[in-house]
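Student: Before anything else, here's the structure in question.
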Amino acid sequence: MAELRMEHIYKFYDQKEPAVDDFNLHIADKEFIVFVGPSGCGKSTTLRMVAGLEEISKGDFYIEGKRVNDVAPKDRDIAMVFQNYALYPHMTVYDNIAFGLKLRKMPKPEIKKRVEEAAKILGLEEYLHRKPKALSGGQRQRVALGRAIVRDAKVFLMDEPLSNLDAKLRVQMRAEIIKLHQRLQTTTIYVTHDQTEALTMATRIVVMKDGKIQQIGTPKDVYEFPENVFVGGFIGSPAMNFFKGKLTDGLIKIGSAALTVPEGKMKVLREKGYIGKEVIFGIRPEDIHDELIVVESYKNSSIKAKINVAELLGSEIMIYSQIDNQDFIARIDARLDIQSGDELTVAFDMNKGHFFDSETEVRIR
């Protein structure tokens, strides 16, 4: 178990712009932290600096209060799980899991005990004498996890470990990794580009873009209160809807539509000097409703929408529509038989909406 601190971490390669730019994060003991962001945002580079596989260009990294910038990877007491499993094809599952322990010249009885315990936790007991080619993708990933578990390290690092698996296996392995963390309580950093993995697995999420942290928070906080337009658009599937509009006192005008803004939000916008200015309004697809009782309650924030596309997804329908050429998606219940081309009255739950500065794209609060 370990507490980690990263203070003003930078990573420079040949380019002038840093690959990781002023990264600051405190990770408490037993946390499951997820770094999430698009390709090239610096999340894997940051993970590799934690592991000691990349040199920290500037800044300080601490494990349990000890600065470890110059400590070799093998001496950091960290176990890493990679995207490609990194298994030895000529070795059995048992030997793959035990390999790191044998290198450390651990006594055979202790190796046997640790491997068997890890195999039991991961459901690999009957596969210990098989070779990797005889295993499914999910089983191979379990072997890679087993190799990390037997190390009994202070910190687990996982670099997109599920990206090679199909969708069904990813869901299954997500649950297994969560259960594993609940059981072992090892401080974990997990890297992914998949926002669903971030939302379902993390104690806290670190959203990154262009080498910079955009937001740090619990999955609930990041989803419900995005720091900026990027976070709102990246976290959530479908993403948050965004509209450019102009604020008047009490209303936001989006083209020909005028939506009433709740007084609590209006007070903040008024105090910040946004009346008469263009802002960006954001709202989640599930906060746009078609139920009659909601439409009646929110008459002042309702519009008639022509349905361009209706996607049936079992118990819900994704409605694709527009307000004056600005696209939006609504997630509604599948109780109605809705078709493309139909017209539907929908209400925006303005209490759930957010306003962003049109220039900085930062949430106004």
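Using N, Cα and C of the backbone, Cβ positions are placed for all residues, glycine too.
Swiss-Prot lists these features:
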- 4-235: domain 'ABC transporter' (DOMAIN)
- G37, P38, S39, G40, C41, G42, K43, S44: ATP binding site (BINDING)
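Any idea what these are sitting next to in the structure?
Tutor: DSSP assigns S44 (ATP binding site) to a helical segment in the three-state reduction. Taking the Cβ of S44 (ATP binding site) as reference, residues of its chain lying under 8 Å away and at least six apart in sequence are, in sequence order, D159, E160, V191.
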Student: Give me the long-range Cβ neighbours of S39 (ATP binding site): same chain, 6+ apart, Cβ under 8 Å, in sequence order.
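Tutor: In sequence order, H193 meet the Cβ cut-off.
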Student: Apart from G37, P38, S39, G40, C41, G42, K43, S44, which residues in this chain have a Cβ no more than 8 Å from the mean position of the Cβ atoms of those residues at the ATP site?
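Tutor: For the ATP site, the extra neighbours are T45, H193, M208, K209.
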Student: These are the binding-site residues: G37, P38, G40, G42. Which one scores highest on other Cβ atoms within 10 Å?
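Tutor: Counting every other Cβ within 10 Å of each candidate, the maximum falls on G37.
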Student: Sequence gap of 6 or more, Cβ distance under 8 Å: name the residues on the same chain that satisfy this around C41 (ATP binding site), in order along the sequence.
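Tutor: Long-range Cβ contacts: M208, K209, D210, G211.
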